[in-house]
Amino acid sequence: LEDINDHSPVFPEERVTFDILETSDPGSRFPLEGARDLDIGSNSIQAYNISPENEYFSVSYGIHSENDRSVELTLEKPLDREEQAEMSFSVIAVDGGSPPRSGTTQVNIIVLDVNDNAPVFTQKIYVGQVLENSPEGSVVLSVVAADRDIGVNGDITYQFTQAVSETDNPFTIDSMSGEIKIAKPLDFEAAETHELSVRATDGGGLSAICKVLVEVVDVNDNAPELVVSSFSSPLPENTVPGTVVALFTVRDRDSGANGKISCALEDQLFFSLRPAYKNYYELVTVSALDREERAQYILTVTAADAGSPPLTSTQTFTVDISDVNDNAPVFNQTSYTMYVRENNVPTVFVGAVSAADADVGLNAKVTYALAPVQAAERPSCSCISVNSENGHVFVLRPLDYEQLRQTEVTVSASDAGSPPLRANVTLRLVVVDQNDNAPLVLYPAQDSSPPSSELVPVSAEAGYLITKVVAVDADSGQNSWLSYHLLRATDPGLFTVGVQSGEVRLRRPVTERDTVKQKLVVLVRDNGKPPLSATAALSALLLKDFSDVRLPHSSPATEDDGGSLTTYLIISLVSVSLLFLISTAVFVGRKVCKRKELKAGHVLYGADNLQSGLADAAAAGTLPHAYCYEISLTTGSGNSEFKFLKPILPSLPPQHCAVGQGPDEEQDFPCVPVSTEDMAPDNPGTLSAGQFN
């Protein structure tokens, strides 16, 4: 079998620790158990290296036999525990395979301490002072030495050297802490200074020596005295600078430098000391006082003599500051906005204004009132009241959002000082809308008259616009959002109403089974809570063509009164004949122009003229759309009626109606709007001659 590199080198242990003395010489070797690789030949372990590179150690690898392969760590540089107590690196074994495989073990080096550092004092000479009357056991000073070694080698003990006689030495030293204490009473007159030697020794026997100089200080045993002659408190906060607050004197029974006294005031920002005469001093104000910033001052006067060390005595003056009405009330907001729902109950609470006064007592008692309106200003709403004690705001009467949406008043806050100070703030009252107005239908008009009829051709397709319901709501916001719904209809499946637009359209094409006259009730509802609604009633006529329309005469007597109808017809024919003759004479000279050929006896209604005429009919709810109609005159009727034939395309351009008797003569007439009210009741689709005129 031929070996392949399918095994990585493996160390017996993942982590190895070496304890090495810091005094170990460079070149020292430390054996490391090598890794093992099950592969053979070139696939076995070929080299070792250290990662990351280490300046203190290197790794060597030797092969003595097949089973004896030694790995050693070699110390390259002297160790120093005080610089680096521990170090860690990895030893990597790499085989000769392609690609090579490797194994790693972690090596930790712990540097063992050796007593190679002697103790070192922080100072070569320690100087201390002690009062001659200091009690026994008082600490004079402490000596401190440090040793860079650790453990026993770093433990330090202190002691006086043999040069100091224990019987004459008035001091003792703590062997562990180095504190030097008084062991016997001191006498400045016997010895002004004491010179000591202190030895510090570590656990390994290394030591160091320092000198200690103790100075005995003469005692100043009499403190100054301070006697108050006069003192004024409290002070008004408007006291002028330079006002005398207190007068006192100082004295000291000592003599010489110990009897010389100086006085000092700790806080000199608002007060200061001023020498009066001899040992008298005055405590005076130096700047303006403000009780709102500071209501009390605790002043400490310190008297010190010139002794060494100086003795001092203190006197405390507590100065209270009395209030003056120098602060106007301040509202906690620059302006107030309060809300009330319309239709509120009378005297409803809507909020509160609040003002604070930095003064105290009566100067800080705040009362509230509505500020009077200036003559040049618009009078404010009289519906607002403010409680004078607590600033609570009330609305005195019910409000209507549709009449008053917001109003502003000025609230005044006054203190009880003399004279009183005041501040003003603007209060804005916003009326919140409630859903108290039902929708109002503007079109179609919902008065006492019968609902208007909309004409719908039976040929209309689904989606055909029949009419549009228009409504408004006096409320605002979502209370005025209107939606339209079909409430009732003769045939509910035939119509649909746009929820947002109110447009009434055909849901499907008209069939022969549908009733000619359709009645609809459209519900208009707002978005309030609870919602309010209104209804709009309208009707629609389903017609094959407009010759099917039969509208009643204004009076049934017209049907029976043939003579009257004939008279109207004769008058109409005479008028038409006169107009025809005049038109013929005017247009004789225009024969060279292009002529329109129309059949004799036909009357064509122009789209634009018909549209303008039908606009009035649309307003009445009868003819909402513009159409053109072709009308022929019949002679078979006893009443000489005009008869509708059928609607033609509304896009014809003529602006006049042409009545022709023949190919060579034609006459222009203005287009006449036709409504369903002008149709004869006894003959659907016909108009009388008088009505045509």
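Backbone N, Cα and C atoms are what each Cβ position is placed from, and that goes for glycine too.
Note that TrEMBL annotation is computational and uncurated.
The domain 'Cadherin' annotation in TrEMBL covers 12-121, 122-226, 227-331, 332-441, 448-558. Annotation comment: TrEMBL describes 568-589 as transmembrane segment.
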Using DSSP, how many residues of the domain 'Cadherin' (448-558) fall into helix, strand and coil, respectively? 12 helix, 48 strand, 51 coil
Take the domain 'Cadherin' (332-441) and average the pLDDT across it for me. 86
When DSSP states are grouped into helix, strand and coil, how many residues of the domain 'Cadherin' (12-121) land in each? 3 helix, 56 strand, 51 coil
